[in-house]
Amino acid sequence: MALTAETESRLYRSLRVAAGAAAHLVALGFPAAVAVLARPGSSECRWGRGRGRREGRMSQLTSPCASLPGLFSWHPLLMALAFSFLMTEALLIFSPETSLLRSFSRKVRVRAHWALQLLALLCALLGLGIITYNKHLNGKGHFVTWHGLTGLLAVLYAGGQCAGGVLLLYPKLMKNWTLAKLKLYHATSGLVGYLLGCASLMLGMCSLWFTTTVTGASWYLAMLCPLVTSLVIMNQVSNAYLYRKRSQH
């Protein structure tokens with residue numbers, strides 16, 4: 001039996017609401033789980049579980065927490081807060097189905113988006129500074145892994161994206177560009193930056209610290225977290241800008 005257009009619309013909307021709710025839960029749950037694992041401020045960093053136990057004392061000597069107690073433990077938490085929680089919520093603010101501020105005016109949502117994005121950038125910069133200093137203390141090379149390079153690019157991109165957002169607050173600075181075009185470019189470039197951040201998180205979960213801490217099915221479940229939020233954000237931006245832009249031609 002074929003579904004009517006109205007039934008399909010309701011079903012599609014219900015799926016979007018469910019996906020958005022899942023994104024909210026994942027955005028908060030992932031940093032919370034990382035906080036439990038990393039124990040920010042603690043010298044333990046949950047190091048030594050799984051493969052670390054089998055490796056014995058040597059894993060303790062080569063752990064990223066060995067140089068300065070509690071320093072490294074802030075890096076995964078700050079990055080998870082930046083790219084999983086704050087940046088995801090900053091984008092979900094504009095979701096027509098699951099925005100926590102959908103009853104407020106667009107001006108309020110824009111200001112909230114700006115505040116969350118700036119907080120995300122601050123956390124990302126702090127996380128980047130901490131891991132850079134920690135590697136300096138350990139005498140290790142900087143940005144020599146895919147995780148490090150992607151993380152650096154994501155942080156720099158986030159800074160540029162925030163700077164570009166100023167043009168939307170003051171569109172008169174770009175007299176030859178329409179506001180609609182600025183919104184389109186900001187949204188699509190922001191999506192690229194968000195995906196970079198999620199890619200950095202996923203590469204971080206392939207690091208020695210994470211793989212010795214989280215093993216088995218838990219590791220695969222953790223990898224699904226940034227993947228879920230990425231798909232939800234991609235769908236939101238595509239429906240709001242890309243598909244609509246295509247339908248106008």
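Even glycines carry a Cβ here, placed using N, Cα and C.
If you check TrEMBL, you get these features:
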- 22-244: domain 'Cytochrome b561' (DOMAIN)
- 17-38: transmembrane segment (TRANSMEM)
- 77-94: transmembrane segment (TRANSMEM)
- 114-133: transmembrane segment (TRANSMEM)
- 145-170: transmembrane segment (TRANSMEM)
- 191-211: transmembrane segment (TRANSMEM)
- 217-237: transmembrane segment (TRANSMEM)
Stretch-level contact, the transmembrane segment (114-133) and the transmembrane segment (145-170), CB cutoff 8 A, at least 3 pairs: yes
Model confidence over the domain 'Cytochrome b561' (22-244) (mean pLDDT, whole number): 87
For the transmembrane segment (17-38), distant same-chain residues with Cβ under 8 A (at least six beyond the ends): 45-46, 73-77, 80-81, 84-85, 88-89, 92, 95, 97-98, 100, 210, 213-214, 222, 225-226, 228-229, 231-233, 235-236
Long-range environment of the transmembrane segment (191-211) - Cβ separation under 8 angstroms, sequence gap at least 6: 37, 45, 47, 50-51, 63-64, 72, 76, 79-80, 82-84, 87-88, 91, 124, 145-147, 150-151, 153-154, 157-158, 161, 219, 222-223, 225-227, 229-230, 233-234, 237
